[in-house]
Amino acid sequence: MGKGGSLSDGVIKKILLSYTYVAIWIFLSFTVIVYNKYILDKKMYNWPFPISLTMIHMSFCASLAFLLIKVFKVVEPVSMSRDLYLSSVVPIGALYSLSLWLSNSAYIYLSVSFIQMLKALMPVAVYSIGVLFKKEGYKNDTMVNMLSISFGVAIAAYGEAKFDTWGVILQLGAVAFEATRLVMIQILLTSKGITLNPITSLYYVAPCCFVFLLVPWVFVEYPVLKETSSFHFDFVIFGTNSICAFALNLAVFLLVGKTSALTMNVAGVVKDWLLIAFSWSVIKDTVTPINLFGYGLAFLGVAYYNHSKLQALKAKEAQKKTAQADEEGGRLLEEREGEGSGKSSESQD
């Protein structure tokens with residue numbers, strides 16, 4: 001009874017922890033998205049400078065990561081050669097800076113709800129780029145699933161009350177760059193056996209992002225900011241916003257590290273529905289029935305894709321366990337045969 005009870009307590013504790021990680025990630029992701037929208041939207045805080053906002057985030061995250069690694073030594077730095085940094089981290093940093101720049105820019109033109117609907121295309125982009133780079137195998141049924149997601153998003157876009165072509169281009173560009181970044185991480189870092197937690201990844205990637213963003217900032221936003229003499233830097237707004245962005249990176253690590261990337265995908269769907277409801281009820285964005293119908297179709301496609309991924313993962317784990325069991329059985333058989341041959345030679349002596 002004691003053993004059964006302790007096992008039950010352990011399982012309950014694990015489930016509660018998993019739900020806690022999911023809840024923290026959803027809350028922080030939700031907060032960062034709404035906060036960024038509040039800062040960038042012309043009808044709210046009215047500071048439409050997405051490159052500047054992203055640079056503030058990157059400089060804050062890089063500084064905090066530097067302090068945690070070099071000064072307080074909370075995390076051990078990963079050994080990184082100059083060649084590896086230039087060949088792997090720099091391209092990933094470039095893609096990340098473009099993804100953040102375009103996604104933040106989209107909040108100026110599109111509603112929070114519609115952006116979440118467009119983000120449903122992320123599995124489509126990741127799979128397509130994975131096939132292009134030969135990291136994913138092409139399958140007809142998976143491609144049909146990807147087309148169903150795309151069809152659903154297209155219906156949602158058709159039903160959007162405040163459709164803005166430039167905003168849609170920006171968000172689709174952000175999805176494409178983010179998907180490429182995820183595939184490149186797998187190719188450039190994971191294949192070389194390098195794993196970065198959020199603090200070490202920010203330590204290496206954030207300064208790189210800042211430098212890449214500096215070039216367009218000088219030509220696009222700096223001249224406008226220079227002329228805006230009335231602007232003063234609000235440390236409370238931008239400080240808390242940057243803290244939320246840093247905390248979100250830590251939450252991603254906790255969620256994926258303690259559960260799985262698949263759990264994050266499922267949690268992401270829950271977060272999207274919450275944001276759509278919040279956008280409609282609090283921000284008063286218009287959400288049409290065609291919007292919801294199209295996103296509903298896309299949601300079913302994403303749910304099926306996550307289910308397929310889970311089944312494939314289970315099959316892979318079962319195959320690995322079978323292979324380990326066969327290997328162990330073969331080793332035991334060899335040991336027994338060795339013992340038998342040893343005894344026979346002793347009897348001959």
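Any Cβ shown, glycine's included, is placed from N, Cα and C.
The annotation compositional bias 'Basic and acidic residues' is assigned in TrEMBL to 321-340.
Sequence annotations record features per position, and here TrEMBL assigns domain 'Sugar phosphate transporter' to 20-306.
Residues annotated as region 'Disordered' in TrEMBL: 321-349.
If you look at the transmembrane segment (16-35), the same-chain residues 6 or more away from its ends with a CB under 8 A from one of its CBs are 112, 240-241, 244-245, 247-248, 251-252, 254-255, 258-259, 263-264, 267-268, 270-271, 274-275, 278. Residues or ranges marked as transmembrane segment in TrEMBL: 16-35 (among others).
Annotation comment: TrEMBL describes 47-72 (among others) as transmembrane segment. Long-range contacts of the transmembrane segment (47-72) within the same chain: residues 36, 39-41, 97, 100-101, 104-105, 107-108, 199-200, 202-203, 206-207, 209-210, 213-214, 216-217, 220-221, 224-225, 231, 238-239, 241-243, 245-246, 249, each at least 6 residues beyond the stretch ends and with a Cβ under 8 Å from a Cβ of the stretch.
According to TrEMBL, the feature transmembrane segment maps to 84-102 (among others). Counting only same-chain residues 6+ beyond the ends of the transmembrane segment (84-102), those with a CB under 8 A from a CB of the stretch are 50-51, 54, 57-58, 170-171, 173-174, 177-178, 180-181, 184-185, 188-189, 192, 194, 204-205, 208-210, 212-213, 216.
Residues or ranges marked as transmembrane segment by TrEMBL: 108-130 (among others).
Per TrEMBL, the feature transmembrane segment maps to 165-189 (among others).
According to TrEMBL, the feature transmembrane segment maps to 201-219 (among others).
Residues annotated as transmembrane segment in TrEMBL: 231-255 (among others).
Taken from TrEMBL, the feature transmembrane segment covers 262-283 (among others).
Per TrEMBL, transmembrane segment is recorded for 289-306 (among others).
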Under a Cβ pair cut-off of under 8 Å, which of the recorded stretches 201-219, 231-255, 262-283, 289-306 contacts the transmembrane segment (108-130) most often? 262-283
In the same chain, which residue numbers or ranges, 6 or more beyond the ends of the transmembrane segment (262-283), come under 8 angstroms Cβ to Cβ? 18, 22, 25-26, 29-30, 33-34, 37, 111-113, 116-117, 119-120, 123, 252, 255-256, 295, 299, 302-303, 306, 309-310, 313
